[in-house]
Amino acid sequence: METGPAPLVAPPRRHGAPAAPSPPPRGSRAGSHLVVEPGPPVTTATSAPVELVAPGEARPACVPGSSQTSASTPTTATSSTVVMLTLEASPEAAKTQEFPAPAAETGAETSVALALGTDTQKTEEVRASPVPGPGTPTRTPSRMAPGALTAKPPLAPKPGTTVASGVTARGGVGQVAGGHEAATSASAGSVPEDPSGPVTGPPGTCEAPAPTPVAVVTVTPAPEPVENFQDLGSTSSLGPGISGPRGQAPDTLSYLDSVSLMSGTLESLPDDVSSMGSDSEINGMALRKTDKYGFLGGSQYSGSLESSIPVDVARQRELKWLEMFSNWDKWLSRRFQKVKLRCRKGIPSSLRAKAWQYLSNSKELLEQNPGKFEELERAAGDPKWLDVIEKDLHRQFPFHEMFAARGGHGQQDLYRILKAYTIYRPDEGYCQAQAPVAAVLLMHMPAEQAFWCLVQICDKYLPGYYSAGLEAIQLDGEIFFALLRRVSPLAHRHLRRQRIDPVLYMTEWFMCIFARTLPWASVLRVWDMFFCEGVKIIFRVALVLLRHTLGSVEKLRSCQGMYETMEQLRNLPQQCMQEDFLVHEVTNLPVTEAWIERENAAQLKKWRETRGELQYRPSRRLHGSRAIHEERRRQQPPLGPSSSLLSLPSLKSRGSRAVGGAPSPPPPVRRASAGPVPGAVVIAEGLHPSLPSPTGNSTPLGTSKEIRRQEKERQKQEKDREKERQRQEKERERQEKERQKWEKEQEKEQQKQEKERQKLEKKGQGRKLSLRRRADGPPASHDGGDRSAAEARQDAYF
């Protein structure tokens, strides 16, 4: 064998030059290919022509006219002609050896000229795969990179075959087109080293052709077995994806599946897996960025600015709310103004769900009906409602992480709530405006709690809003239009002139409680005040929006027709929807429950005169949590130790409970300050049961002077506070009247100026016309006589 110069080595990297970046790992391709044991790349130098042999092919023996050498035997090259191949290790190879590899060779891209025969040459692009670390999962690429070197089917043995255990290669001689020229000696597989060294013999034995080329073979690790394989392409943003190799895509796909396949996030999934992957994907495209409210890609209508509260202030508010929860009945009955003030400041996010349940009294409703929601959920619903509900699920906040996925847990819980309500209230059924309301509740609390909160909204806060015919919302539209006449006469006059019915723009506002209109920060603040103060807040918010949209002459100049006005109402100004501005305007607007009830009576009377009786008669509307609390106390009066056992309310309540089959309440627990224990109740035969028994009353005969003085003081303070509140309300009404008067004067002044301007324009047009007629008139008489009387009158007129 001829001896030549030393083996070629890779040129050193320049000082300060960064190493070439490693591309992402690529797994093995389907079909026949060469594989070796996992580990770092191994570079082997051989002096024989190289060809690829697939695993399982019979390794040919040495034929006459060829030279058999060991893959691990280092050889020298006589010229700069080398061959670069990228191979993969065989899983059958022993996994006991680890080989270090230079970092400079990792990820190198080399252009190789392969000579498949002695006469023809083909040039192919070979991309060497980087070496993943231990435990790094590999993935099977979906398509083959252009120009990648692939393993061919087994070929017939040719002269110049090099056989090695675990790595078998064949190839011809080629010129190096680019890349690192490297030749290192390494052992691939378990090839026994030939102690005899290079083989040299007489003609007819295995000899290397001259000049001897150097074939540099880079071996990449093989993929893990299929059992431990995990496909990274199907991994969603919230959890692991579907394990297993990539399967062939089906011939027919749904629209969502096809979109997901095009976006590269969906493979052929089993039938029991959602095509959306996870709840944080929209149409198969994972969106990891969410705002603090859970909206993907930013908050709902993110153009508004959100107010930031210092952390210490937020913690203090949380402690105050927790203290109120511990004595809730006391706070509602005695210090409701403080509760209302704290609701207007904003309920802390961590306690908002609990506060909504306490304010609406849905917590007590849930405790009184244990297992009722599960019973309604198991019942069979009306198919006509269930079909409509299922169609509306994907329309509710599609950019929120709870409802982004088709069939996700958010849509499933929403379906359960709406279905249960149709069974709980079969006379009302389902209204499409209930879905966004239930969705907002689901964002803050579990399904069962959200259901009872929805029941309270539909029964106590907005009765009749979601019934057939929508008569209650039409009646409230008339009430709203009457209140608008007081709050903003200019907007009221414009809407009446354009003949725009209130139902055209306020239906979505009222029925969805502005959940689909305002920025999300403002929506939560409005809902906080709504649960505390009732429907009055909805009227106030709508009046503020209209006053700041159509309440001035400058704003009405762009709303000359009905279309322009409706377009303006669909695109409300951002300033009036901003959280702090909106809350400030709503709290200062002088619209009370008395106004609403007075207008309700007047509009109901007009309705009966023009349209007849209401088809659906809802229950009485309650204005906020205090009214709900007082109604609950009236329906269930507390039995204290001083109450008579034979009093009429007590007998009625006991009789009603006996008829209903409910167990009688336990006797009241005696306290230390309750006084002496009453003796046996003595009832004469002729004593009427409505009269209290003298022996059953354990109330002390008199109270101390200190207690009476404190009670009088408390009553006096309450009266003073009520007077102050009335005075402030009158002052606000006076200021509002002054503002309306000023607006009317401004409007009159502008109308006067407009008339003057039009008058001046008409005068100017008249002068021009007069001069034109003089110039176009007949020429003056040559004899110097006077003009005719008609001509004189014409000039005098103009």
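Cβ coordinates come from backbone N, Cα and C, glycine included.
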Out of R127, R170, R657, which residue gets the omega-N-methylarginine annotation in Swiss-Prot?
R170
Candidate set S32, S362, S673, residue annotated phosphoserine in Swiss-Prot
S673
Where Swiss-Prot marks phosphoserine, which residue is it, choosing among S129, S693?
S129
Candidate set S333, S350, S647, residue annotated phosphoserine in Swiss-Prot:
S647
If you check Swiss-Prot, which of T136, T699 turns up marked as phosphothreonine?
T136
According to Swiss-Prot, which residue among S268, S308, S650 is annotated as phosphoserine?
S650
Go ahead and report the DSSP secondary structure tallies for the compositional bias 'Basic and acidic residues' (705-764): helix first, then strand, then coil.
60 helix, 0 strand, 0 coil
Restricting attention to the domain 'Rab-GAP TBC' (346-534), give the mean pLDDT.
93
